[in-house]
Amino acid sequence: MCCSPQGLSEAQRLLDALPVGVLYEDPDFPADNQALYASTPEQANCGIQWKRPSQLVPEGKSPHMLVDGISRDDIKQGVLGDCWFLSSCAAVSQQEKFMRKIIPDDQPLCGSAYKGCVHFCFWRFGSWVDVVIDDRLPVKEGELIYGRCEDPTEFWVALVEKAYAKLHGSYEAIEGGQTMDALVDLTGGLAERYEVKGADPNMYRYLLRAHKAGSFVACSRKGDWRKATKAEANGLVSGHAYTITRVMRISHRMGEERLLRIRNPWGNETEWKGSWSDDDSNWQWVDDDTKRYMEMTHRDDGEFWMSFKDFCRHFQEVTICTTGPDFDGDGVTDAGHMICIQGSWQLGVSAGGSRNNLERFATNPQYFIALTEPDDFDPMTDDPVNEGKCSVVIALMQEHRRSHRRVGVKTLQIGFILYQTSNAEQRLPAKHFKYNYDSGKSGIYINLREVSGRFELEPGHYIIIPSTFKPDLESSFLLRVYAQKAFTITGYALH
């Protein structure tokens, strides 16, 4: 399955153009420093060579894209600081149908059909795009230096990482990032970020519901990712992203415990060493049937169990990605309606900045949304305060800027504000913002690729105003609006 016929035809066109016996070499992402480095591509390659999978497998073995399907256990991080991407791959790999969309079928790495050309699909700014690469990979002393599979004959991790690097301009360009961005790129879904503040019972419910719904969940610890080269005494790495692979409440001889299974993308012995770790004495109180159900292992594979209490003490952020919002809170993605609109902030026209200057703020793009029908209400399960209201999720994404780091382009501080209006025929003027409260907002302006918010609104007419914090900053943006019931949305011109 391919994400787009255009991508498939492009890959096929390249293959058809190759002379017999010649392997594909990507002219847009060459096997040299340009592909490795974003900031200083002229620097020495430090002994790095480029080799194809057939040159890297053990003697007598053949390379393959996949061996026995796709598993989170395949993934091992290399020296590149892209744990945010690989931990997201580990999360998504738990539902193979999603990875099959990213990794199209029938891509041989050996045999008569092998041409040295592979392609992968990523969601980018509202649509799926196909990234074609050659299969030459950076190695040092005969070993892959970046992401790789546990099985030395399997190469999907190394190749999908290379394609993602090409999408952003270089390998160096994908060092350090947000798991929510990678999860969206891999699924086209809606990613929401939560701060972990103490042992919040609501957080455990979010995690449990997400797990039951098959959502993709990652977590991270604060710190400088550039220094995330070794673990602390407790086995955890600061500035590092992990995957939450299971959420369970178990009963044992000493009581009950809320547990999380967490995976370090390093895929090695660097694991949690505290309570409920692999060799912890707490496991003596758990019966064998429960351990089997939990798939309990004692391997140095980067995966470990941890109590929810300890999780809240040591992790600071959780990202949950679904293919659509869960309006009723039952942990299942709801059928609903989504409208996606592309817009832009243009210098001198619509780049008005924040409310710090109301006259300029009023020049920002404005989108009229009509909510005409309240959500279905079940008095047995729904919160009474939401009866008669409309559940709406709004997400604002700025144009991908990571690939432009080399020329000094930075991620902008963005946000949006929502106002109710009685006039469905015109833009809101500056005086409206002076005398009227907003109906909701994304929060503080922040330099993330995407910000979002959930709102319970009375049926009626509203205006969504996306903006940057500072005025006169240009960028394209993508506005996604989700609602349980049908709605309409219209963009207003400035005049």
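Cβ atoms here come from the backbone N, Cα and C positions, even for glycine.
Per TrEMBL, the feature active site maps to Cys83 (among others). DSSP assigns Cys83 (active site) to a helix.
Cβ neighbours within 10 Å of His240 (active site), excluding its own Cβ and spanning all shown chains: 25. The secondary structure of His240 (active site), as reduced to three states from DSSP, is coil rather than helix or strand. Marked as active site by TrEMBL: His240 (among others).
Sequence annotations record features per position, and here TrEMBL assigns active site to Asn264 (among others). In the three-state DSSP reading, Asn264 (active site) counts as coil. Its Cβ taken as reference, Asn264 (active site) is surrounded by 27 other Cβ atoms within 10 Å in the chains shown.
For 23-324, the entry in TrEMBL reads domain 'Calpain catalytic'.
Cα separation, Asn264 (active site) to Cys83 (active site), rounded: 8 Å. Here the Cβ of Cys83 (active site) has 29 other Cβ atoms within 10 Å, regardless of which shown protein chain they belong to. Here the C-alpha separation of His240 (active site) and Cys83 (active site) works out to 7 Å.
Mean per-residue pLDDT, taken over the domain 'Calpain catalytic' (23-324), amounts to 90.
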